[in-house]
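**Q** My questions will all concern the structure given below.
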Amino acid sequence: MADVNLPPSDSVDNRLPEKSTSSSPPPPPPSSSLPQQEQEQDQQQLPLRRERDSRERRDERDIERPPPNRRERDRSPLPPPRRDYKRRPSLSPPPPYRDRRHSPPQRRSPPQKRYRRDDNGYDGRRGSPRGGYGPPDRRFGYDHGGGYDREMGGRPGYGDERPHGRFMGRYQDWEGGRGGYGDASNSGNPQRDGLMSYKQFIQELEDDILPSEAERRYQEYKSEYITTQKRAFFNTHKEEDWLKNKYHPTNLLSVIERRNDLAQKVAKDFLLDLQSGTLDLGPAVTALNKSGRTSEPNSEDEAAGVGKRKRHGMGGAKENELLSAAPKAPSFTSDPKRILTDVEQTQALVRKLDSEKKIEENVLQGSETEKSGREKLHSGSTGPVVIIRGLTSVKGLEGVELLDTLVTYLWRVHGLDYYGKVETNEAKGLRHVRAEGKVSDAKGDENESKFDSHWQERLKGQDPLEVMAAKEKIDAAATEALDPHVRKIRDEKYGWKYGCGAKGCTKLFHAAEFVYKHLKLKHTELVTELTTKVREELYFQNYMNDPNAPGGQPATQQSGPRDRPIRRKPSMENRLRDDRGGRRERDGRANGNDRNDRSEDQQRGDNDGGNPGEVGYDAFGGQGGVHVPPFLSDINPPPMLMPVPGAGPLGPFVPAPPEVAMQMFRDPSGPNPPFEGSGRGGPAPFLLSPAFRQDPRRLRSYQDLDAPEEEVTVIDYRSL
């Protein structure tokens, strides 16, 4: 029987352990075998190889099937295979066809082992598609504030740096109520609060944007920011009474009633003072506070003159102080030709507001018939004349005196600042007054037309509180909501009748409108319940439509160095710290310790430039920032090479303790800075050897006034 030779050892290793252990490979044939014997053996092995191949195929199919006994007993999933996280030392040659066909599938990289870019870029540890070495986690811009770039050193980074790509810095990226970055989760720092100015906003946009598009985006951002802020303020304070008294339709009904009663009382007192000749025309609310109580005396002169007011048209020192402190009206109001227009316009406003508040018998209102009669009697008069009949005298008001009286009446009775274009329910502070003398203004005509159009719209409009109360809208909504509560009943004697559908009410009426009236008067709880949704919507709309609503004035971000990071020369303390910690950070990254260096950088970014006399730079601004102490190493800092007094930028240098170097840079009022001789400034800040003598000549220094302040070249003389 012919000898059977097994295949080579590499194919045996790829078999199952059972097959490999059942037989051992025979020794190789001796080298003295003849070629004829080898050919005979090959011919004899051909059928055996075919049989072995077919048997191996059956065995491989059996291997793919799970073991019946083991899997039936244990249904738990197989444990995860052990993964070798070590990098392969070298690439092995490709295995033969049989090995590739039956080799196990490639395993995925272990999770959370290494971050890889999936946006058609390269890993940060390799060449970045933009050139240089890019950080591994920088898909949406800088994700750490301050410090140095995370790979291969680099220039110092700043926490306020942002990418300026095409899709970065849009107003949608900032959340309402905050003006921070769009990707705040990666920054690790609090977002800066406040509305960005236009200059700050355009720094967030791409560089190739048009000015008109930038302006449009800023207006959208500003309106969205204010709307979001007002909405949050409203949701916080909407249940408070003071806000409801200003905007809620239900509360406004009682507010309007109290306001009308108070205005009637103040108008009565004002006219009495005018007839007695003791009216004060000052810009303050001196006659009555809007609370309805007389003002308390603030000095001995006022206490002595309680009940005796200043005569009409006469002023004192205190009135002059108030006039100087009051805000000034536009310059066109001082034109003498403007007096007649203002008198007629203020009289029309007095008639309009008095009718809204139901004030009657006001001598200042005048009328068209009286105006024509006065023009006939006083042909030489330049305007309307108001006759004031007192107890013992009769006086006529015209011109500037009449205008001041009308303006004061509008302010104290109706809370209307004529020159300030403001109408409020409570007059507080000082009203606008005319400036002395005419001041030339290039935009006087435009401002004058806007001024007149503003008050003409008020004359044609309605009471602002009545508009916010929206009685007509609420009545229409109530009528629609009360339709199911109006019942139509057939009566054999009287025909059709209409009954009340409220709970427990059995009254009948001849028409449906009487049922609606009955429900609104007798069943107010039902009407209020049905119109609650409409009232709440009006409440919110009234608040949002008021441009001067509380909580609607956004706080702008601090300008100046906070707008843009200042790349100033780093302090000596930071330079020492970077030397001590930079090598350790690079070594940690080389070992794969790339997870905690970001948090250290964030801490350092808030403390760059730790000089107490220096204005620190906070990347995000705002109050309540977290200040973390700078990194301190346990290794003693090496001595610094500092130039001797009088030396140039190339030396000579002497070693100095770091404390002395930092003290010299930290104290600007101390000895002279480096590269300048001490001259008359006193002794040098170093303990020098007698071999180094000071040059008596003072080194001239020059300052380039045109050089940009942000591009400061840092010269490190330690490398020389």
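Cβ coordinates come from backbone N, Cα and C, glycine included.
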**Q** Check the candidates Ser76, Ser103 against Swiss-Prot and report the one noted as phosphoserine.
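**A** Looking at Swiss-Prot, the phosphoserine feature maps to Ser76.
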**Q** According to Swiss-Prot, which residue among Ser90, Ser185, Ser291 is annotated as phosphoserine?
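**A** In Swiss-Prot, Ser90 carries the phosphoserine label; others show none in the record.
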**Q** Can you tell me which of these residues Swiss-Prot lists as phosphoserine: Ser92, Ser128?
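**A** Out of Ser92, Ser128, Swiss-Prot attaches the phosphoserine annotation to Ser92.
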**Q** Which is it, of 498-523, 628-653, that Swiss-Prot names as zinc finger?
**A** 498-523
**Q** Based on what Swiss-Prot says, identify which of Ser24, Ser689 is the phosphoserine one.
**A** Ser689
**Q** Quick test of the contact rule: Cβ under 8 Å, at least six residues beyond the ends. What residues does that give for the zinc finger (498-523)?
**A** 475, 478-479, 482, 484-489, 491
